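These notes concern the structure reproduced below.
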Amino acid sequence: MVDDKRLVMANSLSPTAGTLGATAGGGLAFAVRLVAADSDAVVVLLGAALYLCAALASLRIAPDLLGPDQRPVRPRLGAALVGTARGLVLGVRHLAEAPRREAAWALIAMTLMRFCYGALTVMVLMLCRYALSSDSDDGLALLGLAVGVSGAGFFTAAVLTPWAAGKLGPGRWIVVCAAAAALLEPALGLPFTTVPMLVASFVLGVTTQGAKIATDTIVQSSVDDSFRGRIFSVYDVLFNVAFVGAAAVAALMLPPDGRSATLVVTVAVIYGAIAGAMARFDLQ
């Protein structure tokens with residue numbers, strides 16, 4: 001638990017650590033592919049070893065440290081599913097109440113920004129493989145570089161957001177992140193060349209993670225303690241559905257080489273709509 005003054009800082013550290021860990025894991029897998037002959041098997045074994053290390057590390061956590069305070073009753077599967085659905089509905093209703101409208105708007109904004117990031121991720125993957133590289137090895141190397149650059153953007157957001165959100169407020173920082181993405185994403189994305197694409201990867205890493213940190217802060221400071229778990233369950237569902245949905249939409253829109261001005265412009269319009277809607281809410 002942290003106090004309100006350090007909430008943004010805590011939210012900068014916690015999710016960004018996971019993102020940087022995933023980026024480091026991707027870099028490690030890429031390095032293994034460069035040096036090992038049977039690289040796929042080595043990567044799988046390495047992943048299994050890291051999962052085992054995580055499991056062993058979790059043994060240091062006291063059994064009752066994370067709750068629940070009372071031993072839960074184990075319901076049947078059907079009752080558990082109904083209870084989970086009911087809890088999510090109650091969480092949405094809690095968000096819809098007037099005192100928590102900012103949290104609801106922030107969640108909507110973050111869901112749409114996650115959708116945009118997911119669609120652009122698929123586009124970058126296809127560009128690296130087909131449009132900007134001559135073979136699969138070069139494409140994989142370029143994709144690894146793009147992921148690393150985006151990870152650097154996530155780290156930059158973790159450093160920058162506590163200061164920016166402290167000066168502007170978390171809601172206005174979301175506006176700045178969305179507006180910056182709306183302006184820079186088409187300018188850097190439409191050339192469909194390597195260097196602008198890498199710069200765009202960094203910019204989108206900063207704006208996406210910066211908005212997420214601000215959203216986490218708004219939600220945590222706005223919702224009641226008794227609803228916090230349910231609200232973040234709704235958050236996780238929206239976050240993951242947006243990314244998977246974006247991949248599906250991108251797969252339908254993108255040509256074989258990944259060059260799609262339509263997708264780039266559509267994503268920029270969505271970013272602009274997010275910035276406008278959040279700015280309008282802030283003025284009310």
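Including glycine, each Cβ sits where the backbone N, Cα and C put it.
Here is what TrEMBL records for this protein:
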type	residues	note
TRANSMEM	12-35	transmembrane segment
TRANSMEM	42-61	transmembrane segment
TRANSMEM	73-92	transmembrane segment
TRANSMEM	104-127	transmembrane segment
TRANSMEM	139-161	transmembrane segment
TRANSMEM	173-192	transmembrane segment
TRANSMEM	231-254	transmembrane segment
TRANSMEM	260-279	transmembrane segment
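Ranked by Cβ pairs under 8 Å to the transmembrane segment (173-192), the stretches 12-35, 42-61, 231-254, 260-279 are led by 260-279. Contacts between the transmembrane segment (104-127) and the transmembrane segment (42-61): absent, as fewer than 3 C-beta pairs lie under 8 angstroms at sequence separation of six or more.
Spatially, the transmembrane segment (231-254) is adjacent to the transmembrane segment (260-279); three or more Cβ-Cβ distances between them are under 8 Å for residues at least 6 apart in sequence.
When each of 12-35, 42-61, 73-92, 260-279 is checked for Cβ pairs under 8 Å to the transmembrane segment (139-161), 12-35 comes out on top.
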